[in-house]
Amino acid sequence: MSSLLDLKSTVLRQVQVCPSFRRRSEEEAGSSGAAAPAPSQEAWKPGDGVEFFAQMRLLLKKGESRQCLPRPEVLLRSGSPAPAEPVDPNRGLRPLSLEEAEMLYEEALYTVLHRAGTMGPDQVDDQDALLAYLGQVFSSSPEEHAEALEHVRKAKAPAYALKVSVMRAKNLLAKDPNGFSDPYCMLGILPASGAPQEPPGKDQRFSFRKGSRRGGGTRDPLPAKCIQVTEVKSSTLNPVWNEHFFFEIEDVSMDQLHLDIWDHDDDVSLMEACRKLNEVMGLKGMGRYFKQIVKSARANGTAGPTEDHTDDFLGSLNIPIREVPVAGEDRWFKLEPRSSASRVQGECHLVLKLITTQRDTSMSQRGRSGFLSYLLLLDSLLQFEHRAEKPDSSSWCGELSGPASTILSLHSAQSNLSPLQLAVLHWQVSSRHHQTCSLDYSYLLGLLDDMQTHWEQSTSLPQEQEEGLADSFSAFSEFGLQLLGQLRDYFPPTNSTAIYRLEMLLKCLSKLQLFQPSFQTCPFDNELNMDIIKTLKKGNQEWFEKLLITKSPREQPAPQRLLGLIDLADAVYVDLQADYGIYASLFHSILKVDFFTLTFQQLERLVADEACTLAEELKPKLTPEVASGLFELYLTLADTQRFWSRVPGQDSRSLALADIHGPFLPAIKLWLQVLRDQTRWRLQSAVDMDMLEPADADSKHSGSATAAGLSFHQVQELWVRLAWPDPIQAQGLGTQLGQDMCEAALFYTELLRKKVDAQPGAAVEAVSDQLCAVLNDVELVRKAAGQALRGLVLLEGAGGPEGGLPRPLLSCTQVLDEDLQREARTVTAHLTSKMVGDIRKYVQHVSLSPDSIQNDEAVAPLMRYLDDKLAQLNASLVKENLDRVLEALWELLLQAILQALGANRDVSADFYSRFHFALEALVNFFHAEGQGLPLESLRDGSYKRLEEELRLHRCSTRECIEQFYLDKLKQRPMEQNKFGRLSIRCYYEAAEQRLAVEVLHAADLLPLDANGLSDPFVIVELGPPHLFPLVRSQRTPVKTRTLHPVYDELFYFSVPAEACRRRAACLLFTVMDHDWLSTNDFAGEAALSLGSISGVARSQAGGGMRTIQPITLHLRRPKAHVRSALRMLEGRANKEAQDFVKRLRELDKCMEADA
């Protein structure tokens, strides 16, 4: 293993002359007298680097959550109750005085005692239960309650009236020839005194137009004051009237509402008469006038031919007043016939409401309207119900109990309140109550929706009521703005309940803006959206100032403020995530307010100002600790800027953070020095604790490699997060960081080599587990460091290769990879060197095996040995290192076999066949059906030489000579113009059976004389000699003092065409430099296959030699592989082989003399 310590990198070829990191570290070690440079202790306190890299992991983990835009489902983590909102009893309605409370109590009791109509299924019909409930609401003792009841019972009963709205009818009968009718309605109240108790027959009913005389009975006509008539709707079967009528009721329990629908046919019908009658209603004699009108009406169906102008009956309704629901009725009524002879169809839509007038209560006597009475009563009931239901809950939706809703329904009906007034009252009371005891905002939004619906369908409110509504809007918006000013406190983004309340609140505020154009007096001083934006900005400023005072007060010393400012920047980033993921969508979709842009630009400027000021203040006081803090702060600021860039349509160049990197540059440079030293301390600690054993059952490298790879990965990830914006500065920082990483990687491999060398017994084992672990560690670090270096990507705009690394960093990366590859090969060589003796022993066993045994038996011991060793290596090495070991073993085997062949001459053919079998068996073994080395790699390099040796050993002398010429034909010049060119023309004349060769000229020959020129001539010969035994070589004249001789010499060779077609048959041109006083010098040679010459391969039709195109041959010198056949011939004792070798040696002497 000591040889590993003496390893010197030979990698010298680098881009921009970057020296090897291995050599650099060794030179530094030599100059300092230490084996390896230790980390500087001045940059950071000495340690094992564990704590430093633990902090790095925290920074990376923090950055992982910032890689993409936040999603609401990730941010909303809590479903706990929302924070309590700031309620104030003084924001509700004015408390009642004792006298006002007593009057309201009386009003409520009076309402219950004098109820009229039918109770609904959801209402409480028990009068005693309603009265008892009122006693609880007003906290009345039994005696006080009884006394109040007695007082109310003695009061005068109210007067009742029925409000009837005739809305429309549908599907009426067609009475006119055009298929339509001209319908109108007559309606009135049948008093108890005039209403029949029991009709005489089932087919007889009351009608305004007809006296009932069937069965001998008579009926007085309806009093004129009780009759009302609608307009005529021409030519329709589905008339729409939407007319409203008011009838006084004398007896609620017995009176009835009667309605007839007629088809208008008379020029002056009963309808017009009734209208005139109603115009003079109340004058004396109107009863007689009405009787005359009734008498003039004719019965339906009894008119003669001259009475076709009488109105036709279309249907009627009879509705007892006592059956009208307390809350009123709005529905379709099916029309009824007046007798069995009448045919009617269709329905009529009516709205009925039973109200009271002339109420004998203190509030009525003092002129308090039903609107005000209802407001006070609703407020009292709402407070009572809320206290009883959920006194401390903000999720109460105003659900009233049965008695409360029944009493309110009775009072609203008796006070003749419209649906719009009821909606306004419920909003006013509930919105005020919400400011004293929180309600569910969805309940308030529902009240606004209900009010908006009725607002669009009704006329405007009286001014006093509208002003009260405007005041409630103003108070609620003021309360809402107060909450939005402390948005993060009352609606935290992680609380789904609070965010739902915020959504409902914003919808309420948005709904308020819809009412603004409807008010004569505007409830808002400014546009509500402008007030909201102003409030949000003020809230952001106050939130930041509060956070700054808590975490990083300005009166603290700068180093102490730094830690707090890091927390503040993190808090701002988290808040901006919530702003984008939660708040922004709500404000934009509901109020069209760009909350995220507003908040981001405000907060990023505030935090940028604080960070820039602190960085400038700390610049002269930089220490490693301060640099680390500033580095962490800058990462958060850079993340904040990138966050803005990830938002579609945003440009970060306008931000205050765009230029924040300048003041942080000195701190970043110092932190990179700290990182360099801490990395070395971490690697030193990891190797010291390493047992050079696999870290776990699933890995093949030791624990120190895991620590080294993780360290490099963390450095690369932090560089990506840093994303330094200045391209020039980024290139310098990245290059320095890359060089530090390269030195750290080589520092780690040196530590490993020392560790292995110090292990006892490492040099004894043939396959050392520790060496395998080291080899795997080197490979893992090579990959990890290379990936980390490639991760130091060049930012856009720098001057490096497009999409790649800057040139200095690229150079460092290439050098490091070569150094670590060299290190891996060295460890591999050390590992396989322990197997050399065994391999030679088993190869010798193959060579010494007698010819009598089978080839597989001779090779079996070698194969078993390799199988055992490679099984151990496969279990201990990763794939890349196993391939390295296989390649090294393969080369060892090839060299061992070549040595065995060289040591044995004049052996039998079975000897070479045995080694050929062994070679093919080894190829299959190392290929392993595609799982091992590729066949292209196995059958390259030394394999080709060995295969050629084996093949030639099995060839005859003449076959070897032919192979010699075939090798010359295959030879290609490396540099075409180095030895010059020769131009020739060749043709085979079949008739004369001769080969014509014309040597035309040469060019760019080598200057072989002292004068810088040559005296060249060309020797032309045919080969191999045994194919052309009677043909002698020919030569051109010498051309003196030239490098571009012109010959134009024609030579003929009498040879048969069959011999020319042999595979090895060729023309060999040798260019020599003639020396008068010494041996001629060799200038170059070229070979041309005779099979390619015209006339040999195919017949040439006429034209002769001059029609053949010249051929340019590039001169060269014989290569080593051409001499392999020559070595085979040198070892043979027969005369043919020796003569051939002798002739070639003479040519070699010429080349040696020239060299």
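Each residue's number is its place along the chain shown, starting with 1.
Yeah, the Cβs are placed from backbone N, Cα and C, and that goes for glycine too.
Here TrEMBL gives region 'Disordered' for one range in the set 22-43, 352-373: that range is 22-43. On the 0 to 100 pLDDT scale, the model's mean across the domain 'C2' (141-303) is 71.
Per DSSP, the secondary structure of the domain 'MHD1' (631-752) breaks down as 97 helix, 0 strand, 25 coil. Residue counts for the domain 'MHD2' (856-964) by DSSP state, with H, G and I taken as helix and E and B as strand, are 91 helix, 0 strand, 18 coil.
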